[in-house]
Each structure stands twice: as C-alpha cells, then as structure tokens.
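Per Swiss-Prot, the features are:
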SIGNAL    1-24  signal peptide
DOMAIN    27-71  domain 'WAP'
DISULFID  Cys34-Cys59  disulfide bond
DISULFID  Cys42-Cys63  disulfide bond
DISULFID  Cys46-Cys58  disulfide bond
DISULFID  Cys52-Cys67  disulfide bond
Amino acid sequence: MSSGGLLLLLGLLTLWEVLTPVSSKDRPKKPGLCPPRPQKPCVKECKNDWSCPGQQKCCNYGCIDECRDPIFVN
C-alpha cells in the first residue's frame, strides 16, 4: 500500500473513532438495569447501548463490556 493510501486509511479510521461516540451521545439509555457481573475473562463487545441488538444494553463490569438482556426492578 502506498504511503498516501495508508495515510488516507489512518485518517478515515481516526474520523470513525471520533464520530462513533458522538452519534449515540444524544440518544437516551435503554430502560432496565444490567444483571450481575459474569465470571469470565475481559472482553470489549460493545461501546454503548445502541451497539447492542434489540433491547439489550451495553453493560460494563470493569474490564468487561458486553451486550446483556436488561433486568427490570419495580
């Protein structure tokens, strides 16, 4: 790959990283709470609720970010 192509790719990746959080910042969080922390190694499966399918939420458990079905508490 030429240096110009590599520079373009790097620029596009940087732009994508900067714009991704902004696009979901104005959206409200999905309803419900995250279930208890799973016992598994660190994984980064999602960045926010809107990167998860359906009603699932992006739940943060320290070094684990994963899509989980929400729990609802009355």
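Cβ coordinates are placed from backbone N, Cα and C, and glycine is handled just like the others.
This view paints the features noted in Swiss-Prot onto the structure.
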| residue | record | CB count, 10 Å |
| --- | --- | --- |
| Cys34 | disulfide bond | 16 |
| Cys42 | disulfide bond | 9 |
| Cys46 | disulfide bond | 19 |
| Cys52 | disulfide bond | 21 |
| Cys58 | disulfide bond | 21 |
| Cys59 | disulfide bond | 22 |
| Cys63 | disulfide bond | 9 |
| Cys67 | disulfide bond | 15 |
Problem - Spatial separation of Cys34 (disulfide bond) from Cys42 (disulfide bond) - C-alpha basis, Å - result: 17
Fill in the blank from the handout: Between the C-alpha atoms of Cys58 (disulfide bond) and Cys34 (disulfide bond), the distance in angstrom, to the nearest integer, is 8
Fill in the blank from the handout: If you measure between the CA atoms of Cys59 (disulfide bond) and Cys67 (disulfide bond) and round to the nearest Å, you get 6
Fill in the blank from the handout: Quick note, Cys46 (disulfide bond) and Cys67 (disulfide bond): C-alpha atoms separated, nearest Å, by 7
Fill in the blank from the handout: Whole-Å Cα distance, Cys63 (disulfide bond) to Cys34 (disulfide bond), is 15
Completion exercise
The correct three-state DSSP answer for Cys67 (disulfide bond) is strand
